[in-house]
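Per TrEMBL, the features are as follows:
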SITE      R20  site 'Important for substrate specificity'
ACT_SITE  D77  active site, proton acceptor
SITE      T78  site 'Important for substrate specificity'
SITE      Q160  site 'Important for substrate specificity'
Amino acid sequence: MTALPPDPNLKLILGSGSPRRRELIGQLGLVAHDVRAPDIDEDVRAGEKPRDYVNRIALEKARTVSIADDEVVLCADTTVALGRRIMGKPEDASQAGQFLRAMSGRRHQVITALAVRREERMWQRDVVSQVKMKALSDREIGWYLATGDWQGKAGGYGIQGPASAFIPWIGGSFHAVMGLPLPETAALLTAAGLPVMEIAP
Ligand SMILES: Cc1cn([C@H]2C[C@H](O)[C@@H](COP(=O)(O)OP(=O)(O)OP(=O)(O)O)O2)c(=O)[nH]c1=O
C-alpha cells in the first residue's frame, strides 16, 4: 500500500449514508466536508463468498462516488456471515426475525470492508469479527423487532443498541461490527494523504 504525503488541503468525503459511520469518523476527530451516499446494486453473485462480497461492494461504492482531485472518499460495507450464508439488511421485520432465529445460540462473523479513493488510487482493508448471540426466545425476538432497531442494519441487529442484550461476547472490533473499524480507517486515510491525528505545528 503506497502512502502519499499529508496534504492539508485534502477534503474528506464520506461516501456513506450511514449515520453510524458519520458518528464514528467523529471519534477520529474528523468531520466530512460532504456526505455522498453511493447508490449501487448490492446483490450477491452466485457462489460469492462473504469476504469477497463485502470487499467487492466497498470497492464498487468507492468507484461510484464522484470526487474532485482535492477530495478523498471513504466507503465501507458491513455484512453478517453465518457460515457461507450472507445476511445483508433485512427487507422487513419478518426477514429480520428469520436472521435472528438463524443466529440464535451461535457464533457468526461480521465483516467490514473499507475502500478509500483519491483520484484513481485505491486503498483497501477488511476486518473480520466474531460475534456470539445468546439463545433467543420468541418473546425476546418479538420485543427486539418491535423496537424497529433492526432496520437498515446488516443481519437485522445493531450491536450498539438494544440488541446488545443478546451479545455476551465478541472477538474483534466493536466499531467494525457497528460499521467502521477505526484504526484501519485512520491508517487508510493517512495513506491517502488526509491528515489524521496530526499535531498542529
Ligand atoms: C451488524 C451491524 C450492522 N450495522 C449497520 C452498519 C451499516 O450501516 C449497515 C450495513 O449496511 P451497509 O451496506 O454496510 O451500509 P449502509 O447501507 O448503512 O450505508 P452506505 O452503503 O451508504 O455506506 O448495518 C450496525 O449499525 N450495527 C451492527 O451491529
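The backbone N, Cα and C atoms fix where each Cβ goes, and this holds for glycine too.
Here the structure is a predicted model, which means the values were calculated and not measured.
Using a 10 Å radius centred on the Cβ of Q160 (site 'Important for substrate specificity') and all shown protein chains, the other Cβ atoms total 17.
Closest to Q160 (site 'Important for substrate specificity') by Cα-Cα distance, out of the recorded positions R20, D77, T78, is R20. Sequence-distant neighbours of D77 (active site, proton acceptor) (same chain, 6+ residues apart, CB-CB distance under 8 A): E42, V54, N55, I57, A58, K61, T112, A113. Among the listed recorded sites, namely R20, T78, the Cβ with the most fellow Cβ atoms inside 10 Å is that of T78. It is 12 Å from the Cα atom of R20 (site 'Important for substrate specificity') to that of T78 (site 'Important for substrate specificity').
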